[in-house]
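*Asks:* Pasting in a structure now, in structure tokens, and then I'll have a few things to ask.
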Amino acid sequence: MQSPTSNGNHEFDSIQITLASPDVIKSWSHGEVKKPETINYRTFKPERDGLFCAKIFGPVKDFECLCGKYKRRKFQGVICEKCGVEVTTAKVRRDRMGHIDLASPVAHIWFLKSLPSRIGLLLDMTLRDIERVLYFESYIVTEPGLTSLEKYQLLDDEDYYKALEEFGDEFTAKMGAEAVQDLLKDIDLDLEIDELREAIPQTGSETKLKKMSKRLKLLEAFRDSNNKPEWMVMNILPVLPPDLRPLVPLEGGRFATSDLNDLYRRVINRNNRLKRLLELSAPDIIVRNEKRMLQESVDALLDNGRRGRAITGSNKRPLKSLADMIKGKQGRFRQNLLGKRVDYSGRSVIVVGPTLRLHQCGLPKKMALELFKPFTYNKLLSHGLATTIKAAKKMVEREEPQVWDMLAMVIREHPVLLNRAPTLHRLGLQAFEPVLIEGKAIQLHPLVCTAFNADFDGDQMAVHVPLTLEAQLESRALMMSTNNILSPANGEPIIVPSQDVVLGLYYISRSSVNAKGEGMIFATVNEALRAIGSNDLHVNAKIKVRVTETHIDDDGNRTKETSIKDTVAGRLLIWNIMPVGMSFDECNEEMTKKNISKLINSCYRKVGVKESVMFADQLMYLGFAQATLSGVSIGIDDMVIPPLKKQIIEVAEAEVREIEDQFEQGFVTAGERYNKVVDIWSRTNDKVAKAMMDNLATDKIINAKGEEEEQKSFNSIFIMSDSGARGSAAQIRQLAGMRGLMAKPDGSIIETPIKANFREGLTVLQYFISTHGARKGLADTALKTANSGYLTRRLVDVAQDLVITSDDCGTEQGLLMKPHIQGGEIIEKLGELVLGRVTARDVTYNDNAEKILIPAGTLIDEHWVKVLDNNAIDDIWVRSVITCNIEHGVCSQCYGRDLARGHKVNIGESVGVMAAQSIGEPGTQLTMRTFHVGGAASSASVDNSISVRSAGQAHFENMKTVQHTDGHLVIVSRSAEIALTDELGRERERYKVPYGSSVLVKNEDQVEGGQTIAKWDPHTHPIITEFAGTARFSEITDGLTATVKVDDATGMSSFEILATRDRSSSAKDLRPAIILNTDEGKEVVYFLPAETIIRVSDGEKVAAGSILGRVPQASSGTKDITGGLPRVADLFEARRPKDHAIMAEMTGVVSFGKETKGKNRFIITNEDGEIHEELIPKWRQINVFENETVARGEVIADGPQNPHDILRLKGQTALADYIVNEVQDVYRLQGVKINDKHIEVIIRQMLRKVEITDGGDSNHFKGDQVEYADIKALNAKLEAEDKFPVQFERQLLGITKASLATESFISAASFQETTRVLTAAAVTGKVDELRGLKENVVVGRLIPAGTGLAYHKARKEKAEQKLQDKDLNAAFDMSATTDATDFASFDEAFAQELNQGNH
């Protein structure tokens, strides 16, 4: 380490961590610490040669030696001859180290115990054996000589003395760290490496291979990093500078000390005692014990509690060792390097500031004065109001009137940053211009509350002052609230009115029958507004008015258009504040929260930021004013209980009684009864809610003609809910419907519902039941917040180094985007999915593939989305970060539009962190619970047919059918789909159709809305013949392989195949089958699985499409569906689900081999005759039959899919589709919109590593994990040299694993498992290139993203320039002195330039 005084050059590009050799430790040290004393208890001066010695570590006071002979600056650098202290600043006590010479070597515990044990790997010994040697339990042979002993053999005392008697001093055996050190010194790295390289190809067993390649890697790491193995055992121990382990006097003569001092004291005491014992040549057993104690005390100093019991202090808590100092949330990394406290900041409670403009915040005068103090002093001085800083300080303290004027000048156009914790995404920290206010609370603009997730129930916010010019510039240009209108998560406006504002706008945009002024016609908008102002026209009256609109086309040309519109008077108030260029239709509707959001979005896209901001402000003022005037309030009479409620509940009670009776008679089981009861009550609850909403939603009113007319209700509660201002249907249901079913704390549902609502009031029992749910809610919220925060932290960590680094990587690859379909319905149109992305291939017209509609490389904006929609395009290829070709970072073409700005993403945008925040921020809104679905609820909802919603044309896809005798088509393919298109050819619906369904329409048929197009039996799985012919039974014998079943209802008898376990031993190997002799004379065998019910008789003629047998589907029992946050975490951690789906490993024909106990042998044979077999447990339901052809990656046995299988069998695009859709499903359920891009960014990071399957001509081995980018570069190099490239498979790593496997050890160490990461890095001598954001924050530099990217670029160019200059200077052979001075001035110039922000 360089001391700050030695003016070192702090320009560096990478950091390396290695083992410290004894010489290096000596070179750091300024002297040996010989005594355990700290300071003299009388004089409080440090003891000489002790842990705080001034001679070693430097003076305690600035420029003053210990004895006081030399004081003041002029003696700087003098070493006092009396006390030996160098006269210099006391700061050197922070970086001068000392050392302790150990009397006996000591093994470093990290390299011993941190798994895998490095010492163990190098010596090829088990940890247990090494520990026995180290802690003096047994001897180890280090030099066998000519004896029968072997090197590395362990001997206990008895064996050792026997061997001594037998061989004398022919051999050497030692114990303790000394022995281990000798053995490590003896290792010949090159020889061992060569031996292993020869041995590896010959080994057969996987475990041996793994161990050998691990050992080889470690040996090579030692060889390449110039670390010596024996350095893992220390002879000399460095001592931390004393100011980093301070001794602080408390009042009452006591001291607070760092735990490290205690730990060092123990080491020094034991070391000195050992030295003395060795001088006295004490008995072996005593010395041995002392050496063991020394080893233990050094262990405790380095990592307390890693081995044995942790050493505790006086108060019984374990002492904090050096390792504890750096790890964990309170450790050096997370507490001090990644999270620092910030000066020039304050915090206070927030209150609403409804009069502010969007870019302003109200700052209390007192706070402002404190925050801007230095600036205020400066202004007072420069205006001559104060002569000295001291005078200015006095004026500010007295708060004289001039001070406020100066403060106002200082604050003008000097933005401040407001931050609300928890800062879950970048909008939690925004810049505002301060407005000075009285009082002590910060005023916040209501529209930014959504972004901060703030409310005014006592929330606090922090204020920070950007000091430098660059910081102010950045705050204004990038962080100002007016520049953050769109949410980075989905590109929709986040500056959206909510609550009162929505209520006000909704109220004035609603029409009411027979309002004052109904039917009036106005020539101009102003005329109508005057009428409203003079109370001649009510805001809810329906009127006609002449409106002039201005249309602006793409080139900016304006055209005016006047027309008469039917509207509501209040909507003109909104039209009055709308910017020029917007159409009247956009505000001529009921202003619910959704519509207001649409309005602001459209305003942003049409007329730009500035207008939108002003419009949003005006909307807010209007909304607040009108909400006040509307007089909407809430009263108990607004909670109207539906008259039908009583009747609905009576019906339900009767149904429940019936089920209870059935249960008592034994017709249904207890589980079924419970499920059915719960089912009835949840249906009833919905019925009551519907009746209530229908009742609330309309009013009867007398119109102008005196007749009764129905209109939308003006009930206050309904208005609040309908507008989206406050309250949901579910909450109103509890007020005026029925409370319904409650859950117990364990998540199970209590079957007696609460039939009352809050208006009627609850009985004691009902109240007690509902307390359950309320408590669970609070406990859940606390858990959820912690879990969600941890998910965000893992996401940020895995994606932090992903930055846009270039404009275009030139790749042709991408993802195929299709509309998102669920339950046959299109939930997300293609246009919504591809908006803001770049096309990867040309998009052609549907009817003409030669004609290009959109060329490749086009950024799809709103205009193009319309084009896609109008041309009925169903799928298009777009660029994606997953397929981006750049090694570090991604290119802006693959990323597309920056969602928060609405244009193509800038170079330097840190998209990784943005993605992590966008996914993590809504985490708190997701549920934590696992859904128990089962019983009546799920079995009732089994589909058995498909009915289309809208009319259109049916298209069959992947469909293989046979014509049945009854004229229907029967499907005999697995992944058949029916798509429905409208008259323009746009896809409207899409359905998956199961194997064995009857299709009731033909391809290209026109179908009507509501028509059933396919049906099937949901409870059995059919075996269908594709050919006509004669069926013959093979090995189907009653009593052996089958049994005759008689159907009670119909009296028909049929064969049922017996399961293997139910057959007699002689019939176990028989394979029951139906052999079909087709009319063409071919023979087709259909093997029958267990429990098949045969539907044909022996020798019967069958038609194509006939069902030969049916396999009953096991009715799905209660399945737990993991939902919400845990599901998202599972997906990103790439966990293998339990009982996951089994997929076909290759394309080929299926056959079943000999069964083993409990397993079926499943075989696939491909065209080349290659065979893949696997054993599948018998209880798994296999979807394919003998002789069927399956495609690679096709699902054979149902279950949740395993992402690793998808990657291996179907490739990375299929994997991306799967993860994106699964994650989106969870968020969609909660109504949260996140752009797919963000999820893709995380997937890219999960796919960074590859596993090597064949090393080719490289020095990698099978099973190595390497970065994808490195392998690409390596292969390019190998191919250029005509060598064999490396073969590899892409790996999918969970986010935690991926974060720890990152190239940067600083980033990994600051994430988790600090000890393990640092140990591994030190042994291999790892170099951190400081590419990511985190590493740069840790070393205290600007991050290489955003404005920092330019800084780093400039820095690199300067460094290169310097090197060139150096070469030139060498060439001119200039004298060294001028050279040095040049560089000093050069550095200064560069520093100045940076400070002025010229870069």
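Any Cβ shown, glycine's included, is placed from N, Cα and C.
Pulled the feature table from Swiss-Prot, pasting it below:
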BINDING   Cys65, Cys67, Cys80, Cys83  Zn(2+) 1 binding site
BINDING   Asp455, Asp457, Asp459  Mg(2+) binding site
BINDING   Cys809, Cys884, Cys891, Cys894  Zn(2+) 2 binding site
*Asks:* For Cys894 (Zn(2+) 2 binding site), which DSSP three-state class applies?
*Replies:* helix
*Asks:* Cβ-Cβ under 8 Å from Asp457 (Mg(2+) binding site), same chain, 6 or more residues apart: which ones?
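*Replies:* Correct list: empty, so none.
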*Asks:* Fewest other Cβ atoms within 10 Å: which of the binding-site residues Cys65, Cys894 wins that one? Let me know.
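*Replies:* The binding-site residues Cys65, Cys894 were compared, and Cys65 has the fewest Cβ atoms within 10 Å.
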*Asks:* Nearest to Cys67 (Zn(2+) 1 binding site) by Cα, among Asp455, Asp459, Cys809, Cys891, Cys894 (binding-site residues)?
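*Replies:* Out of the listed candidates, the nearest Cα belongs to Asp459.
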*Asks:* In the three-state scheme derived from DSSP, which category covers Cys83 (Zn(2+) 1 binding site)?
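*Replies:* Note: Cys83 (Zn(2+) 1 binding site) is coil by DSSP, not helix or strand.
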*Asks:* Determine which residues of the same chain, besides Asp455, Asp457, Asp459, have their CB within 8 A of the center of the CB atoms at the recorded Mg(2+) site, and list them by sequence.
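*Replies:* After dropping the recorded site residues, what remains is Ile350, Ala454, Phe456, Gly458.
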*Asks:* Around the Cβ of Asp459 (Mg(2+) binding site), how many other Cβ atoms lie within 10 Å? Please give the count over every shown protein chain.
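*Replies:* The answer is 17.
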*Asks:* Going by C-alpha positions, which of the binding-site residues (Asp455, Asp459, Cys884, Cys894) is nearest Cys83 (Zn(2+) 1 binding site)?
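*Replies:* Closest candidate to Cys83 (Zn(2+) 1 binding site), judged by Cα separation, is Asp459.
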*Asks:* Which of the binding-site residues Cys65, Cys80, Asp455, Asp459 has its Cα nearest to the Cα of Cys894 (Zn(2+) 2 binding site)?
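*Replies:* Going through Cys65, Cys80, Asp455, Asp459 one by one, the Cα closest to that of Cys894 (Zn(2+) 2 binding site) is Asp455.
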*Asks:* Please determine which of the binding-site residues listed here (Cys67, Cys80, Cys884, Cys891) has the lowest count of neighbouring CB atoms within 10 Å.
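*Replies:* Checked Cys67, Cys80, Cys884, Cys891; of these binding-site residues, fewest Cβ neighbours within 10 Å: Cys67.
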*Asks:* Other residues near the Zn(2+) 1 site, CB within 8 A of the CB centroid of Cys65, Cys67, Cys80, Cys83?
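*Replies:* Everything else in range on the chain: Ala54, Leu66, Gly68, Lys69, Tyr70, Glu81, Lys82, Gly84, Val85.
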*Asks:* CA-CA, which of the binding-site residues Asp455, Asp459, Cys809, Cys891 lies nearest Cys65 (Zn(2+) 1 binding site)?
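*Replies:* Checked the binding-site residues Asp455, Asp459, Cys809, Cys891; minimum Cα distance to Cys65 (Zn(2+) 1 binding site) goes to Asp459.
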*Asks:* Among all the protein chains here, how many other CB atoms are within 10 A of the CB of Asp455 (Mg(2+) binding site)?
*Replies:* 11
*Asks:* Cα of Asp459 (Mg(2+) binding site) to Cα of Cys891 (Zn(2+) 2 binding site): how many Å, rounded?
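*Replies:* Here the two Cα atoms are 40 Å apart.
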*Asks:* Name the residues of the same chain, 6+ apart in sequence, whose Cβ is under 8 Å from the Cβ of Cys809 (Zn(2+) 2 binding site)?
*Replies:* Cys884, Asn885, Ile886, Val890, Cys891, Gln893, Cys894
